[in-house]
Amino acid sequence: MENIKQRIIDAFEQRDQINARTENDDLREAVRYVIDEIDRGELRVAEKVSGEWVVHQWLKKAVLLSFRLNDNDLIEGGETRFWDKVPAKFADYDSARFRAEGMRVVPPAMVRKGAFIGRNVVVMPSYVNIGAHVGEGTMVDTWATVGSCAQIGKNVHLSGGVGIGGVLEPLQANPTIIEDNCFIGARSEIVEGVIVEEGAVISMGVYIGQSTRIYDRENDRILYGRVPSGSVVVPGSLPSANGTHSLYAAIIVKRVDAKTRAKVGINALLRSAE
């Protein structure tokens, strides 16, 4: 694996000289191997090590190189066709393979090759991009988007129209991460490498990027880029220093533990946010 890693790192430094006509079978095989391993869930662009998220930048480089190396090709999809560099994940699946991997995919959902879909995941008509990892038991609801290299944990609910930001460029940016047992409400957007920690509940219509103020009203503090575990978050606003106007903020209205969350429905938690 170290040889493959170094080959990809070296090639990425010369990426401007690489295109679909490049004759380098070793590089093509290395990139193909990495994409296949991400697709199977054996490799992840980001993973938790000793309680901290670690991003493997070389895997992002492999994904980017695949765009340089691959030419557009015809992709069949139901009643229509597509012209793209990345094939559909399920292009070669038959019923036996779908049953063996234990997922449910509802038409016209689109999952690109190089995205991992865990067991008991339900993919409604939605979009999952290359490099993403969707953990077992998760619901990707209708018109949700899971961006490139985004990491979605186990037993997560991504409600209708949710957007989880992708990140391939700029390369130094970290992927957006939704940890296990989170609920993301309809039409919410979590982007720019924000981490939503385990068991958090995000209400409908909450937008969080790296510059979004996340106000913890219980502790009277402002956070950036991270929603703490067990937080219940709703959209709101905070006043300006001179009191002339207010600007958007995400508001942590309460914290819940796993026991409370198991006993109380998501809607009840949000209705009692006051």
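Glycine is no exception: its Cβ is also placed from the backbone N, Cα and C atoms.
What Swiss-Prot records for this protein:
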type    : residues       : note
BINDING : ARG104, ASP141 : substrate binding site
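Reduced to three states, the DSSP call for ARG104 (substrate binding site) is strand. When secondary structure is read from DSSP and collapsed to three states, ASP141 (substrate binding site) falls in the coil class.
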